[in-house]
Amino acid sequence: MHARMSVEIPQQDVMIVTGMSGAGRSTVGNALEDLGWYVVDNLPPQMLKPLVELAGRAGTSLPKIAAVVDVRGGDFFSELRDILHTFGTGPRLRVLFLEATDAALVRRFEQVRRPHPLQGNGTLLDGIAAERARMIEIREASDLVIDTSELNIHQLATTITEQFSGADDAGVRVTVMSFGFKYGTPADADMVADMRFLPNPFWTPELRPLTGRDKAVSDYVLGQEGAEEFVHAYARALAPVLAGYQRENKRHATIAIGCTGGKHRSVAVSEELSSLLRALPGVAVSTKHRDLGRE
């Protein structure tokens with residue numbers, strides 16, 4: 001008898017791309033393909049484990065592998081749970097989940113005039129609700145969640161390029177994102193900080209038309225009592241968190257900084273926090289201002 005072969009961990013990066021129907025899985029697959037990944041679209045969940053095993057074979061010539069999967073082909077979570085139990089999580093095996101609001105998904109399905117794959121004889125919202133309920137455990141098991149509600153296909157492709165190109169040696173990719181609470185808290189945020197404890201430059205006429213990127217606004221915001229103290233204390237508090245992410249092989253983190261409209265305080269603080277986090281070892285930082293220009 002032949003001895004039973006031991007399980008090999010993936011030798012290439014393997015990413016499982018999933019999420020809500022209409023949230024942009026195909027766009028992400030195309031973007032990864034442009035970055036040199038070998039992309040398998042609409043892979044049946046039952047084929048996930050053989051694909052990961054293939055990536056674990058020494059000498060395989062496949063590049064980085066991405067499998068785009070939805071929930072229609074079987075019990076996805078049981079398959080995913082089996083894979084994570086067998087191979088473990090780590091820098092070579094990741095799960096990317098694409099999220100979007102109900103309103104954004106309804107708008108996209110209506111634009112293409114197609115039914116939701118799970119709506120059956122019900123409404124479009126019924127299908128979305130059914131899928132969202134199925135995906136709760138998968139979302140919680142994901143390494144990275146991207147909310148595509150406010151992104152068009154070009155912006156989503158750019159986001160994927162920023163996240164997955166050219167920094168394989170970075171321990172953690174951190175996105176510092178400013179936002180306005182009146183537009184909703186980012187669904188993909190790992191941590192959220194509220195800047196509404198600071199005076200609002202909106203009520204200063206000469207600052208109102210400017211943004212937190214402008215020096216006058218930045219000086220005003222960071223010059224308020226407690227502002228600089230908060231930013232530096234928050235950066236110090238994040239340092240051991242991000243170091244822990246690296247130890248646990250969590251390669252992405254989104255830190256959301258909010259104010260009322262996402263134009264002044266959150267933008268200024270996000271820029272300052274980003275500059276401090278860039279000094280941390282093993283951390284690659286990008287800064288995004290989700291709601292600039294919405295007013």
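Here the Cβ of each residue, glycine as well, is placed from N, Cα and C on the backbone.
A C-beta separation below 8 Å, combined with a sequence spacing of at least six in one chain, links Gly19 (ATP binding site) to Arg25, Leu96, Phe97, Leu98, Glu99, Met135, Arg139. Annotation comment: Swiss-Prot describes Gly19, Met20, Ser21, Gly22, Ala23, Gly24, Arg25, Ser26 as ATP binding site, evidence class sequence analysis.
Residue environment of Asp70 (GTP binding site) contains 21 other Cβ atoms, counted within 10 Å of its Cβ in all protein chains. Sequence annotations record features per position, and here Swiss-Prot assigns GTP binding site to Asp70, Val71, Arg72, Gly73 based on sequence analysis.
Taking all protein chains in view, 27 other C-beta atoms sit within 10 angstroms of the C-beta of Gly24 (ATP binding site). Checked against Asp70 (GTP binding site) by C-alpha proximity, the binding-site residues Ser21, Gly22, Ser26 yield Ser21 as the nearest.
Spatially close to Ala23 (ATP binding site) yet at least six residues away along the chain are Leu98, Glu99, Ala100, Leu105, Thr148, judged by Cβ distances under 8 angstroms. Other than Gly19, Met20, Ser21, Gly22, Ala23, Gly24, Arg25, Ser26, the residues of this chain whose Cβ falls within 8 Å of the Cβ centroid of the ATP site are, in sequence order, Asp70, Leu98, Ala100, Thr148.
Summary: among the binding-site residues (Gly22, Arg25, Ser26), the fewest other C-beta atoms within 10 A of the C-beta are counted at Ser26.
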